[in-house]
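A.B. asks: Annotation source TrEMBL lists domain 'ABC transmembrane type-1' at A:117-327. Positions annotated as transmembrane segment by TrEMBL: A:12-30, A:119-144, A:156-180, A:200-222, A:257-279, A:305-330.
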Amino acid sequence: MFTYIIKRVIGAFAMLIVISMVTFGIFYVVPQWAGASPEAMASRYVGRAATPETVHLVAERLGFNDPVVVQYGRFVKGLVAGAEYDYGAGVEQCPAPCFGYSFISGQPVWPDLLDRMPVTFSLAIGAAVLWVVGGVCVGVISALRRGSFFDRLSMGTALAGVSLPIFFTGMLSLVVFSYGLGWTPPGGAWTDISVNPAQWAYNLLLPWITLAFLFAATYARLTRAGMLETMGEDYIRTARAKGLHEREVVVKHGLRAALTPILTLFGIDFGLLIGGAILTETTYTLPGLGQFAILAIRNQDMPQVMGVVLVAAMFVVVASLVVDLLYAVVDPRVRLS
Amino acid sequence: MTAPLDVSGSAAEAQPESVLAGAGKAIQGRSLTRIAWMRLRRDKIALTGGIVVVLLILVAVFASPIIAVFGHPPLEFHQDQIDQSTLLPKGAFGGMSGEYLLGVEPINGRDIFSRIVAGAWISLLIGFLATMLSVLIGTTLGVIAGYFGGWVDLVIGRLMDVFLAFPLLVFAIALAGVVPDKGFGLEGNGLRIAMMIFIIGFFSWPSIGRIVRGQTLSLREREFVDASRSLGARNGYILFREILPNLMAPILVYATLLIPTNILFEAALSFLGVGVNPPTPTWGGMLSEAVRFYTLPHFVLFPGLAIFVTVLAFNLFGDGLRDAFDPRAH
């Protein structure tokens, strides 16, 4: 168990390093491959009205003339230990984690990201709970009542759910439930959970369901297949033969074994979840990281885009780590190996 | 071991009906492809999906003649169809009529039918080419990992894990943001399409890679590979002539199932405004313009339905293909 945890933590750490390299590559190396000179890179950092001398100076200060390895080292150091920017007139401290300063507002990126995080995390975590619980329940009932009307209906809906783009279902549900029936608030409504938990949940209900629907479909299909397989096993018959209650047979013996592949998928799906959250936020105009990223791209505000990418990637890594540890709880074989 | 069937007249009476029906004729061996094709022909749902896919490809290829007959050029403004005080379409149901089959867009009055038809090729092209790229990378690395095993397998396996854990959409958005208007010898939308094919294909190969690796692992141990090796065949021969032909079925199935995922991905990028540049019509781009007009359901509905029907058709056909090649897989 202990070695398993250590292994996973090291794996997650390695993953973070790879992610930092890829992010660095995207923002510092790819533009240079595509033919941007150090001056052109620097000009993105100083705004459009700068003189060639200033641009040259900034390129020198930000180190775009240095070898890539040195630039990468500086990039990581800024994230871990903070950075100092020497503007000639004075030295500016950028405390860790330093994601640089926005081109547009000149404000440090990190506090802005912190502001946006609760929205995205509320959306992602709420939807994840909803889709796992919903998907597994539907899958189990479908498997137990194989061939019934419920089974066919839910599996048909699941196939449709996999084929629907999330922004389309989001827009349709807004048209129907918000603007048509008036049951849910219009797009853009957001209340912090610390202000009013009930309002928070009410505002997020539609986005949660929209985001969960896409994933719940896959999980329902997978749970159904897994349950059908497990319920045919010999030990299920044994459990029934020794007189266990049917509910206990299904939940403790059947579902627990069928849950392992679900958990594996769940660990992988965090990457998709963040992507889905971005699309959902854009559809419902929620003030989260996704909307922040889209705005930043429209403004060509590279430090902000980079900040979102890194934060999203880190979230995925940490979440996968948590799932890996949960894995050990559900599947004893993992613990012992 | 079972003895070969004896279908001479005297034994025929003891045979089940299915064999009896074929009595008198010589029994022919059927290849896996043939059996799969027979199963697929009986699967009505999968066939419907397949037919819709073929129709969509035809629509994408013959977009210009279709638009010339049934609609107006996709970029043409029709201010006469727009109520200038509200900027909404004049006619009922978003301006739907015999002339404008699916109505017109608000503000500029562009023909929605034409735009959907004209947007088909981008979705399909990116879906197909990105899938080909990921099949190419996934098959190569999957076969190498499965066949050679050991540290090669370990390294490639880790690589797949890393790629699977990446928040793909976030990176795609970032890449789309930094790519300049010109570069790699391309410019404008050509560059953007090439970039999207690269991003989607490059990040979605591990799903194919895993399946190919698993299949290669089991194929490697089969008798015909042993036989080939004992006759002195080199690794290259075994890989290309013995293992790869046996991988074609699973690769075909999972490639078909990857295409709709990639089409959805392209739509998402266009929806977020980091895909193909407007005014070139794309289904995702049309939806993102529709966000501001919730009072006009037709504006939301038709591009969304176009994506839905396309993706569903590919999914149904892919599911049927999988069942046809391996009925137990479901």
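Keep in mind that glycine also has a Cβ here, set from the backbone N, Cα and C atoms.
Because the structure is a prediction, the values reported are computed rather than measured.
So where do these features actually land, and what's packed around them?
C.D. replies: Counting same-chain residues at least six beyond the ends of the transmembrane segment (A:257-279), those with a Cβ under 8 angstroms from any Cβ of the stretch are 120, 123-124, 127-128, 132, 136, 166-167, 170, 211, 214-215, 218-219, 222-223, 226-227, 229-230, 233, 288-290, 293-294, 312, 315-316, 319-320, 323-324, 326-327, 330-331.
Within the chain carrying the transmembrane segment (A:305-330), a Cβ under 8 angstroms from the stretch's Cβ atoms is held by residues 1, 4-5, 8-9, 12, 15-16, 19-20, 23, 26-27, 79, 99-100, 109-110, 112-113, 117, 121, 124, 256, 259-260, 263-264, 266-268, 270-271, 274, 289, 292-293, 296-297, all 6 or more beyond its ends.
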A.B. asks: Considering only Cβ pairs under 8 Å, which range in A:12-30, A:119-144, A:156-180 makes the most contacts with the transmembrane segment (A:200-222)?
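C.D. replies: So the stretch in question is A:119-144.
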